[in-house]
Amino acid sequence: MTNMRKSHPLAKIINESLIDLPAPSNISAWWNFGSLLGICLILQILTGLFLAMHYTADTTTAFSSVTHICRDVNYGWIIRYMHANGASMFFICLFIHVGRGMYYGSYTFSETWNIGILLLFAAMATAFMGYVLPWGQMSFWGATVITNLLSAIPYIGTNLVEWVWGGFSVDKATLTRFFAFHFILPFIISALAAVHLLFLHETGSNNPSGMVSDSDKIPFHPYYTIKDILGLLLLILVLMLLVLFSPDLLGDPDNYTPANPLSTPPHIKPEWYFLFAYAILRSIPNKLGGVLALVLSILILAVIPLLHTSKQRSMMFRPLSQCLFWLLTADLLTLTWIGGQPVEHPFMTMGQLASILYFSILLILMPISGTIENRLLKW
């Protein structure tokens, strides 16, 4: 008689995804972040659900309802801070996951990669709308500034902004719809993640060498379940250190002031994980140009598979491309730092240079280095 996990229709899906899944024998800890993202998503949905039970999506009571969660609800403070810092952990895992895909050439699985880009956009939209919900100063002004970017779209821009706002300014209608979207999007992300995995399991996982590893596969359980549990423990450790010791480290103090449309904060900036894109947006003086650069800074990921010129898939044995990859990493960290600085002399120039470097590495230097490395192979 066959094992139930192999014959039962539902158990069979779980079995083929988590237990008997053939996995390459040499995948490193960088392959841990996919499962960590799944766990982060589950954590965010659960904590978000409990927050939604006490939150009120109304401009007059939103701020005080968040205060009520922290002060009066049993363990409300820990749920709130786990949700806020869980988002930061989510994006740390996301950026590492995308970086690993770029480094080891996982983008050659085009369907998996493109759905991954959709997932990234969905996660960014969810996080942005979640940041608006506490209705603090930075929530209100962040929402005003970012939604206003739509007005840069020629002809339909102004109508589009008012349509998104549900009025002539960010107000009750905006908050209510943002809450509705913030609630539904994580479930859409879950569905997209399932499709992401479906396409991944069609081809099988990539590995550090970038070569086909069909002849050397091992079952996912127990080898990688144990390996993933180590990553999970480290993730929980870092998250709980943040939550219990410095829950506001990655937040903005302005968000502890209730939203006031009559007073603008000195520096309007989004959460830290959007600062790199925000710096690219600010580095272009033209509004429409800035918005295009902002969208392209993420959408550029879709072009990476088309610009792959190397005969080798992975960067493991490509020193030139490795140098460019780590230069890109340093550039993104620089952009993140600049995004949090005021729009003043040295930062503006640095932001423009860092933005040019970002696009140059991905669009020009990476393909050139791949071609040079192909030539070097013939020597």
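Quick reminder: no glycine exception, Cβ is built from N, Cα and C everywhere.
As recorded in Swiss-Prot:
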TRANSMEM  33-53  transmembrane segment
TRANSMEM  77-98  transmembrane segment
BINDING   HIS83, HIS182  heme b b562 binding site
BINDING   HIS97, HIS196  heme b b566 binding site
TRANSMEM  113-133  transmembrane segment
TRANSMEM  178-198  transmembrane segment
BINDING   HIS201  ubiquinone binding site
TRANSMEM  226-246  transmembrane segment
TRANSMEM  288-308  transmembrane segment
TRANSMEM  320-340  transmembrane segment
TRANSMEM  347-367  transmembrane segment
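Proximity of the transmembrane segment (347-367) to the transmembrane segment (226-246) is not established, fewer than 3 Cβ-Cβ distances being under 8 Å for residue pairs spaced 6 or more apart.
The stretch in closest packing with the transmembrane segment (226-246), judged by the count of Cβ pairs under 8 Å and taken from 33-53, 77-98, 113-133, 178-198, 288-308, is 77-98.
Long-range contacts of the transmembrane segment (288-308) within its own chain (CB-CB distance under 8 A, at least 6 residues past either end) are made by residues 98, 102, 105, 107-108, 110, 113-114, 117, 120-121, 124, 149, 152-154, 276-278, 280-282, 355, 358-359, 362-363, 366-367, 370. Annotation for HIS196 (heme b b566 binding site): spatial neighbours THR112, ILE115, GLY116, LEU119, criterion Cβ-Cβ under 8 Å with sequence separation of six or more. Checking each of the binding-site residues HIS83, HIS182, HIS201 against HIS97 (heme b b566 binding site) by C-alpha distance, the shortest gap belongs to HIS201. Within the chain, the transmembrane segment (77-98) has long-range Cβ neighbours (under 8 A, six or more residues past its boundaries) at 30, 33-34, 36-37, 40-41, 43-44, 47-48, 50-51, 66, 69-71, 116, 120, 123, 127, 130, 235, 238-239, 242-243, 247, 250-251, 271-273, 301. Below 8 angstroms of C-beta separation, residues 17, 37-38, 41, 44-45, 48, 52, 55, 57, 112, 115-116, 118-119, 122-123, 125-126, 129-130, 132-133, 143 of the same chain, each at least six residues beyond the ends of the transmembrane segment (178-198), sit close to that stretch. Spatially close to HIS182 (heme b b562 binding site) yet at least six residues away along the chain are GLY48, THR126, MET129, GLY130, LEU133, judged by Cβ distances under 8 angstroms.
Neighbour counts of Cβ atoms within 10 Å were taken for the binding-site residues HIS83, HIS201; the minimum is at HIS201.
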